[in-house]
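Listed features, source TrEMBL:
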TRANSMEM  12-31  transmembrane segment
TRANSMEM  69-89  transmembrane segment
TRANSMEM  101-118  transmembrane segment
TRANSMEM  138-159  transmembrane segment
TRANSMEM  171-199  transmembrane segment
TRANSMEM  205-223  transmembrane segment
Amino acid sequence: LSVSFFDQFMSTTYLGIPLIALALIFPTILYPTQTDRWLNNRLLTLQNAFINRFTHQLLLPLNVGGHKWATLLASLMLFLISLNMLGLLPYTFTPTAQLSLNLGLAVPLWLATLIIGMRNQPNHALGHLLPEGTPNLLIPMLIVIETISLFIRPLALGVRLTANLTAGHLLIQLISTAVFVLLPLMPSVAILTATVLVLLTLLEVAVAMIQAYVFVLLLTLYLQENI
């Protein structure tokens, strides 16, 4: 029996063993693997077309040096969108609603882009901390502000994904609870509320895909700044 709306975000356990690792590995089983045949089936062809189109779109703003990140970014996109979409199914657990997981993805990837910039072109990377033509009196303040904004980036990446998924799931649960409460009392209002619930669910499907894309897109923008 759930005693709180936030119980749905607790890591599920079985015999005291956390199942978050299983939830992270499970999406990989759903995708078809490549075959040695000359012609692929429809599902594999559709999957390859989506990955190729997404990777092409993602690498447009990147220089040639950043194209070596294509496999990592495409895999991250598929991973996030799979977890977000599967979390919308009933009786499921959404790992990407956990801030710890999102920060565990955001911080190392952001730090990798920062280290690449500091190693390859340190002057250019440090130049982002002070815009050109800044008055002398504002230089110390701007350096502090830009440094803080630089270190807030991974936190913003993780919090954005967590907040959007958490808010959407809470709204779905609140409205569905209202439908069950209103059904015996005011059926017409309950039907209207159920319609809103269906529209909200469609919106959450879009949010699940868009937030995965935004997460990876921002990483590409951070990478572009440092290459």
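Cβ coordinates are placed from backbone N, Cα and C, and glycine is handled just like the others.
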- Message: Does the transmembrane segment (171-199) come close to the transmembrane segment (101-118), meaning at least 3 CB pairs under 8 Å for residues 6 or more apart?
- Response: no
- Query: Would you call the transmembrane segment (69-89) and the transmembrane segment (171-199) in contact, using three or more Cβ pairs under 8 Å, pairs 6 or more apart in sequence?
  - Reply: no
- Which residues, given as numbers and ranges, are at least 6 beyond the ends of the transmembrane segment (205-223) yet have a Cβ under 8 Å from it? 58-59, 61-62, 66, 69, 73, 76-77, 80-81, 84-85, 87-88, 105-106, 109-110, 113-114, 116, 153, 157, 160-161, 164-165, 168
- Message: Are there residues at least six beyond either end of the transmembrane segment (138-159) with Cβ under 8 Å to its Cβ atoms? List them, or say none.
- Response: 99, 102-103, 105-107, 110-111, 114, 128-131, 215, 218-219, 222
